[in-house]
Amino acid sequence: MKSLVLGLLVGSAIASGPLQHVLHAPPDPEPKPEPEPQVVKDPFEELRDTFDRLRNKAGDIWDDVMDNIPNIMSNMRPLTIPAKKFTRRPDSEWTHIVRGADLEALWVDDESGYKHRKIDGKLAQYDLRIKAVDPSDLGIDKVKQYSGYLDDNANDKHLFFWFFESRNDPFGDPVVLWLNGGPGCSSLTGMFFELGPASIDENITANYNPYSWNSNSSIIFLDQPVNVGYSYSSQAVSDTVTAAKDVYALLTLFFTQFRQYSAQDFHIAGESYAGHYIPVFASEILHHNNTNINLQSVLIGNGLTDPLSQYPFYRPMACGDGGYPSVLDSQSCQSMDNALPRCLSMIKSCYDIESTFTCLPASIYCNNALIGPYQKTGRNPYDVRTNCTGNDLCYPQLNYITEYLNKPHVMRSLGVEVDSYESCNMDINRNFLFHGDWMKPYHRLVPSLLARIPVLIYAGDADFICNWLGNKAWTEALEYPGHAKFAEAPMENLTMINSQGKNEVFGEVKSHSNLTFMRIFKAGHMTPFDSPQASLEFANSWLSGEWSEV
């Protein structure tokens, strides 16, 4: 990748109902001024301005980075994120518009006569615009589909989503929110590349996917944070916590419009940097007592969740201890071993003082020292078995998806408002990195999740960047009441009847006290891409309640 560190690709959505508005065509809108590029303050200027507050701790850490990566400052520049060009569609083009202010104004009495809002949360600034997508127009799937935007009117943020109803039993099957990672990669990548109802071939044509996860669940694919995929804003989001408020608002307004889906079980799934997103997003939902989001579990695939436990396993995975031949020579492996103690010390400082001033140096040093040697080989960081080809994200199919999603008739059918689509926005990737989000200990939220819902961590075992060794390690190290019994639980075979009608072992699983870890054989970072049948098998089993203890 042509950035400081590897961007994690995801790697890594429904009928009429209440609060439906009768829409009238507005007068012709006035021309919108050309959006101005958004200049994000140089994070290193911010460091210098306030460094004295953390001099003893952060000063030593930063000196360490400068000693070991002396050219790092010359490679850093203030970030200028160009505002996306867009054309706002008139309200008359949308099938439904749900106003957060209408929902926030609803009060009810509880059993004791105490009045409270029907739905918790600050929703007044949000609207949800929804378009019914004609399935015959794009030929992606025959099921009912909706697309649209969540508008944060107070902050000029507009998040795009695309919903597909279940192919099986829409009013009985669960609903899943799918999130790709990056940070900065579109969830439509996961939709077309991994687990959605269709893939895009070299002729830029949609092909039916028999192993789509909407075989037995309805799915919302969400482009977040803002300025990812079809989403847009004049503002920037640079941390996971800020993004959580928007996701809660979208789900709340979506299930308000489509009550028939709100009664179903709801799950959040994602991969890669979604290992950061999902613990925060799930915690935000569970924080509210009065909600219409029936959250039942979360699924994280090949995620980055606990860097302190995961970073020690870059060297083993690259050097032949992860089940595949070594990618690096002995000198490079030794160099990674030598760098590890300093890296872990820096991550520990980030965990102790969660700030840009401690977390950013850890990201810079550790990613250069432990990911950099592998990156220089030209091997695919998402699959140790292959070389990186096609583009910076190593898969030529991603170019097909981008070309398809930039077709005017596709954008028109979906009600898209931006002028163009890109699969990953590396400015967002760097923005999250420069604000210290990368190394923060979001795994600390998982124990409180486990007290209420099951958590699945799965990992394709050929991935380097968020490898199965590190994911297994952090789940076994997690401090929660079931820690000891989970850590000592044996790995057991995962089996399925394959396409030849034979019983096949496709992975291993261990589970206790609501926490489950799966290793999926012969799959890389994007597990459903490499192992579509096995992925659908374990997803269906999980969503049906297998391994759940709450």
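Using N, Cα and C of the backbone, Cβ positions are placed for all residues, glycine too.
According to Swiss-Prot, the active site annotation covers Ser272 (among others). In the three-state DSSP scheme, Ser272 (active site) falls into the coil class.
Among the features that Swiss-Prot reports, active site is placed at Asp463 (among others). Contacts of Asp463 (active site) defined by a Cβ separation under 8 A and a same-chain sequence distance of 6+ are given as Asn302, Tyr382, Asp383, Val384, Ala523, Gly524, His525, in order along the sequence.
Reduced to three states, the DSSP call for His525 (active site) is coil. Sequence annotations record features per position, and here Swiss-Prot assigns active site to His525 (among others).
A 10 Å cutoff on Cβ-Cβ distances gives Cys185 (disulfide bond) a total of 33 other Cβ atoms nearby, all chains included. Swiss-Prot lists Cys185-Cys424 (among others) with the feature disulfide bond.
According to Swiss-Prot, the feature disulfide bond maps to Cys319-Cys333 (among others), an assignment based on similarity to another entry. Long-range neighbours of Cys333 (disulfide bond) (same chain, six or more residues apart, CB within less than 8 Å of its CB): Arg315, Ala318, Cys319, Ser326. Cys333 (disulfide bond) falls within a helical segment according to DSSP.
In the three-state DSSP assignment, the secondary structure recorded for Cys343 (disulfide bond) is helix. Summarising the annotation, Swiss-Prot assigns disulfide bond to Cys343-Cys366 (among others) and lists similarity to another entry as the type of evidence.
Cys350 (disulfide bond) has a Cβ environment of 27 other Cβ atoms inside 10 Å. The annotation disulfide bond is assigned in Swiss-Prot to Cys350-Cys359 (among others) on the grounds of similarity to another entry.
According to Swiss-Prot, the feature disulfide bond maps to Cys388-Cys394 (among others), an assignment based on similarity to another entry. Counting Cβ atoms from all protein chains shown, Cys388 (disulfide bond) has 18 others lying within 10 Å of its own Cβ.
Spatially close to Asn203 (N-linked glycosylation site) yet at least six residues away along the chain is no residue at all, judged by Cβ distances under 8 angstroms. In the three-state DSSP scheme, Asn203 (N-linked glycosylation site) is classed as coil. For Asn203 (among others), the entry in Swiss-Prot reads N-linked glycosylation site.
According to Swiss-Prot, the N-linked glycosylation site annotation covers Asn216 (among others), on the basis of sequence analysis. Taking all protein chains in view, 19 other C-beta atoms sit within 10 angstroms of the C-beta of Asn216 (N-linked glycosylation site).
In the three-state DSSP assignment, the secondary structure recorded for Asn289 (N-linked glycosylation site) is coil. Among the features that Swiss-Prot reports, N-linked glycosylation site is placed at Asn289 (among others).
The N-linked glycosylation site feature in Swiss-Prot is assigned to Asn387 (among others); the stated evidence is sequence analysis. Neighbour density for Asn387 (N-linked glycosylation site): within 10 A of its CB lie 10 other CB atoms from the protein chains shown. In the three-state DSSP scheme, Asn387 (N-linked glycosylation site) falls into the strand class.
The N-linked glycosylation site annotation in Swiss-Prot covers Asn493 (among others) and is backed by sequence analysis. Over all protein chains present, the Cβ of Asn493 (N-linked glycosylation site) has 11 other Cβ atoms lying within 10 Å.
Sequence annotations record features per position, and here Swiss-Prot assigns N-linked glycosylation site to Asn514 (among others) based on sequence analysis. Taken residue by residue with DSSP, Asn514 (N-linked glycosylation site) is part of neither helix nor strand, so it is coil.
The feature signal peptide is assigned by Swiss-Prot to 1-18, with sequence analysis given as support.
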Where Cys350 (disulfide bond) falls in three-state DSSP terms:
helix
Drop a 10 Å sphere on every Cβ of the disulfide-bonded residues Cys319, Cys343, Cys359, Cys424 and tell me which sphere holds the fewest other Cβ atoms.
Cys319
Let's check the environment of Ser272 (active site): how many other CB atoms sit within 10 Å of its CB?
31
Please name which of the recorded positions listed here, Cys185, Asn216, Asn289, Cys350, Asn387, is nearest in space to Ser272 (active site), Cα against Cα.
Cys185
From the Cα of Asn514 (N-linked glycosylation site) across to the Cα of Asn387 (N-linked glycosylation site), what is the distance in angstrom?
37
Give me the Cα-Cα distance between Cys394 (disulfide bond) and Cys424 (disulfide bond), rounded to a whole Å.
13
What's the CA-CA gap between Cys185 (disulfide bond) and Cys359 (disulfide bond) in angstrom, rounded?
22
Based on DSSP, name the secondary structure state of Cys319 (disulfide bond): helix, strand or coil.
coil
